[in-house]
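Working notes, beginning with the structure itself.
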Amino acid sequence: MKYIGAHVSASGGVDQAVIRAHEIKATAFALFTKNQRQWQAAPLSTEVIDRFKAACEQYAYTSAQILPHDSYLINLGHPDAEALEKSRIAFIDEMARCQQLGLSLLNFHPGSHLKQIEEADCLARIAESINIALAETDGVTAVIENTAGQGSNLGFRFEHLAAIIDGVEDKSRVGVCIDTCHAFAGGYDLRTEADCEATFAEFDRIVGFRYLRGMHLNDAKSAFASRVDRHHSLGEGNIGKTAFSYIMKDARFDGIPMILETINPDIWADEIAWLKSEAQC
């Protein structure tokens, strides 16, 4: 079973994200549980939590179909001790919010060394940050997203993801989300079926499909191996539709939320319908 949706707005309350997902006939969705560009947010009230859970029940979304994303401000590998602590506190809050909402996944960008510490040191800090957050929360899996490798962001090589996982003590509560645009920009080709075979074989060898907890399905405005993160609508970018058809037909991608973050929300319903049709072929 393929779970397909988009990252929908939670404007007006997290329960509104559920309704917006239903309106585009999504069978999965992503959301921010707080303002993604602010460090702090008001705690979730019992009323807000109850409305969200009721909406999920009404529209038949389980936690396996929902991939919340954390704040863009958080850097779990920050080289500065004070800034690192601030990020860790914010990440624990994000995990706790997911736990309160009955959600079992939290997607996040791993972190950046800011050209101040070695890659290995940054990756170790990220793993330690995850360990701290897992110890403070229950039932939520930390889902590391691969990056395009812009600036000093780590996570653009599968080896980075594997190194972080290696440092996480509770392997049952860590996973990865593969963003197709980020992978392509990071140097993993997806333009042909043969490219997809090679890229996902490498992913399986280095990380392992057992850790795959979600996908971000995005075409790329950016060039192959450019280390530039620019999303595009499916079939309109430099990846093309072949990769997305391949993913829809491959059972290794069953049972996880697959989320559009493509640039035109007006055609998300059409993109979802096309992906569903490919999954049926």
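Every residue gets a Cβ built from N, Cα and C, even glycine.
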Record-annotated Zn(2+) 2 site (Swiss-Prot): member among ASP121, ASP170, ASP179, ASP189 besides GLU145, HIS216, GLU261: ASP179
Site-mate of HIS109, GLU145 for Zn(2+) 1 in Swiss-Prot, selected among HIS69, HIS231: HIS69
Listed binding-site residues HIS69, HIS109, GLU145, HIS182, ASP229, filtered to Cα within 10 Å of GLU261 (Zn(2+) 2 binding site): none
Integer Cα-Cα distance in angstrom, HIS109 (Zn(2+) 1 binding site) to HIS216 (Zn(2+) 2 binding site): 12
Listed binding-site residues (HIS182, HIS231), ranked by Cβ neighbours within 10 Å, top entry: HIS182
